[in-house]
Amino acid sequence: MMDISLCLKRPSRMGDSKRMRMTSNFQWLLLTVLLLYLMNQVNSQKKRTPRDLKCITNNLQVWDCSWRAPSGAGHGAAYEVCFENGSHSCYRLEKNIKLPALLPGDHEITINPLHDFGNFISKFTLNEKNVSLIPDAPEILDLSADFSTSTLHLKWNDKGSVFPHHSNVIWEIKVLRKKNMEIVKLVTHNTTLNGRDTVHHWSWISDMPLECATHYVGIRCYIDDPQFSGRKEWSDWSPLKNISWSPDSQTKVFPQDRVLLVGSDITVCCVTQEKVLSAQIGSTYCPLIHLDGKNVAIKIRNISASESSGTNVVFSVEDNMFGTVIFAGYPPDIPQKLNCETYDLKEIICTWNPGRPTFLVGPRNTSYTLFESFSGKYVRFKRVELPTNESYQLFFQMLPNQEIYNFTLNARNPLGQSESTLLVNITEKVHPHIPTSVKVKDISSTAVTLSWHLPGSFAKIKLLCQIEINKTNSIHELRNVTMRGIENSSYLAALDKLNPYTIYTFRIRCCTDPFWKWSKWSNEKQYLTTEAIPSKGPDTWREWSSDGKNLIIYWKPLPINEANGKILSYNVSCSSDEETQSLSEIPDPQHKAEIQLDKNDYIISVVAKNSVGSSPPSKIASMEIPNDDLKIEQAVRMGNGILLTWNYDPNVTCDYVIKWCNSSRSEPCLMDWKKVPSNSTETIIESDQFRPGVRYNFFVYGCRNQGYQLLRSIIGYVEELAPVVAPNFTVEDTSADSILVKWEEIPVEELRGFLRGYLFYFEKGERDTSKMRVLESGRSDIKVKNITDISQKTLRIADLQGKTSYHLVLRAYTDGGMGPEKSMFVVTKENSVGLIIAILIPVAVAVIVGVVTSILCYRKREWEVIRLWKSLQGWKDRAVLVELACLGRGRSLPRSSGRRSCCSRPDVPKELDPWFQAPPSLQPYIQREEGALPPGCQGGLWLAWPVSRVHRWSSRVAQQKFYSRATSTSTT
């Protein structure tokens, strides 16, 4: 039993554990059901009581509270609402209650439903923080449109009178377009409530013409009251109002003739019942934007400046085209360089630069208005656009007794306006007119009266006029004249210190004091002053004729400032201690006279005459004092002239006279002369007649009481040039080793400078093969001689080679450069001694060579004989050799004992004996043995013949004999 019980208890414990878990789950389930029941009871009770109290306010003065009615409450159920707000108040009402704004803090509200479901009372705690501020939806008073500018104008009332104090209001305005209510603009607008009803305005420019589609506008508000601590919310949107356009049969494209700022964007639409195929601006096609119905639009961005006729926009339909014109430009620039001045103190001229072009013309052009603030007067100006470098001007009539003017220049066009201001004292801004009616009247030969007319009312101010005086070849002279302004505008001034009989040119300009601007110069007035007596006598000189019998008097025309009129004639006279001789009057323009005089001392006088009188006489002595110590010198160039110097001579009492002429001209030498004071020691001679490369002779005369003496004779050039020709030269003499050359002087006209020397070049060379193409002194094969002694006219060239061609070149040079070259080819003579030596030397050489050759050949013969003798075997062969030698000499050998033998001395021809005598050098080789030589050959006979002789003298037959005999002998 115990075992069974134990067994039963084990599983029982497991069951208890499960039962415990089941019991725990059951308890949780029971609690959940109980909780749900209680919640259901609570909810059931809540449903039978008012709940979810909400309060809002529209004007911060009244709270509108509402709640959810209990379940089962029918429509029109009544409630008792009680609240504490300093006092206990109860109201019997239906679903909601309007309470006056409660004081800050918590307030208890009791709502008791008055119905048959029992007495269920709801209590709420109400605080301002739980109240929402939701304004009433705004009311749009008016929505209008300006179709010409695509502008919407909105007007509404803020109903500020219902709010207890000032508050900030944010208005949100939305603009919708087309039938699908596409929002195109959402903007906020801020205002302030000020305790009274205020009407507000708002405008908006549409990017699309209002004619293109219907536009709708709605508005709502948000009141931001800093004193209200509750929630703040946006009001509801006001009812939408719209603007639409009733199409007509004429206009199809909008906008029409619109003026735009360069760089702007614009939408252009076409309102039509037909299908639009394409649209383009200028020549550029644009994509279509489809609107309501068949209406379309295009978007043009960053439009560029239009031409004067505008930019065309065209819409194409199947059978027609519709379009408009767009004018793109700029607003007027601020008027630049505004300046107001007067010419005559009667009228003010204001000028300005319009600045940047606007590209708008015609009715869209910029209009200008000039307003003067002190007087309140204004003038208008309008004109066609001009380039920016041109100024506009506007005239404003001056007002009596007003000197200070305050101007405002306003510029306006359809794109905007600008202005510029200027405050000016007009009496300080006078720019006089051009003086007119200039007249000249004589006072004397050196003074005139100048008169002119200057338009303007200058009676109250001072004028400063400047007179310009011009005369030929003179510096302009300016003279200032200050005068008081006068009413009749005629002015005059006296001018003195003028020259008689001189053409003057006068012109005038004027300004006011204080200075502002000079007037323009008047027209020139030319006038010739009257004549006067000549102030000086002519500048004279004299020359004796080449035969010394006549004295030629020269004089120069008087300058205009000394002649003082037109010179009519000259009176020339000569006087001595004994008599005075006067020539007839010499008419101008003759400036030379010739008088026959002896060598006595005469004084020559020359007087110039004009219509008024005669000049003082110019006197010059005829006598010329000789000078034996005179040398020709060279002058130095100074700039464009010749510098002449001389030593001071206390005996010169009058003056110095420098005479010059062209040295190539024949006598008398006179080109011009110049007089310098007696205290001078140098002068520079300048003349328009001087030419480069021309030699001039200069003569310096000193004036003494009894006459003139030549002090210096000088030659010079204003500029030296290179000679134009080469010296002519010839060869005076030639020898085997030298050449004598002679040349001529170059004429002065062709020399063109002071000769400084000659360069002589020479080299070996034939006429057609000479290498002296360019003269180069540095080349070793060209010899150069520089001849600096210009008096030298010959040159001997030594150390040359005989019978050789030489190329000679001669050139002259000055400080101006090297002249051209002249060349010649010369051949030197042959040398006889050299020829003899040339002949003897080869002969001597030949003799010496022959002797040496003979000696060598003789010695060689001995060597050959010894060699040949040793080579022969036996006496027979040697005998054959002797026989061959004999045959070579043309002789027959003697016979002895019936056989040939040349070994016997008596048988050897006498002339051959030298050949058979053995020389001492061969004696050791002769064998004395028996049989070594043929019989009779003992005794020292020489039986050899030189090999050279054998080959030279033996004939082909002899050789054949030798060979045949040698053969027979050997056979035997």
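Every residue, even glycine, has its Cβ placed from backbone N, Cα and C.
Annotated features, as they stand in TrEMBL:
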type	residues	note
DOMAIN	334-433	domain 'Fibronectin type-III'
DOMAIN	434-533	domain 'Fibronectin type-III'
DOMAIN	537-628	domain 'Fibronectin type-III'
DOMAIN	723-832	domain 'Fibronectin type-III'
SIGNAL	1-44	signal peptide
TRANSMEM	833-858	transmembrane segment
> Which residue counts does DSSP give the domain 'Fibronectin type-III' (537-628) for helix, strand and coil?
Replying inline: 4 helix, 42 strand, 46 coil
> Across the domain 'Fibronectin type-III' (334-433), what does the pLDDT come to on average, as a whole number?
Replying inline: 89
>> Please list the DSSP helix, strand and coil residue counts for the domain 'Fibronectin type-III' (434-533).
In response: 0 helix, 55 strand, 45 coil
> How do the residues of the domain 'Fibronectin type-III' (723-832) split into helix, strand and coil according to DSSP?
Replying inline: 5 helix, 51 strand, 54 coil
>> When secondary structure is assigned with DSSP, how many helix, strand and coil residues does the domain 'Fibronectin type-III' (334-433) contain?
In response: 6 helix, 53 strand, 41 coil
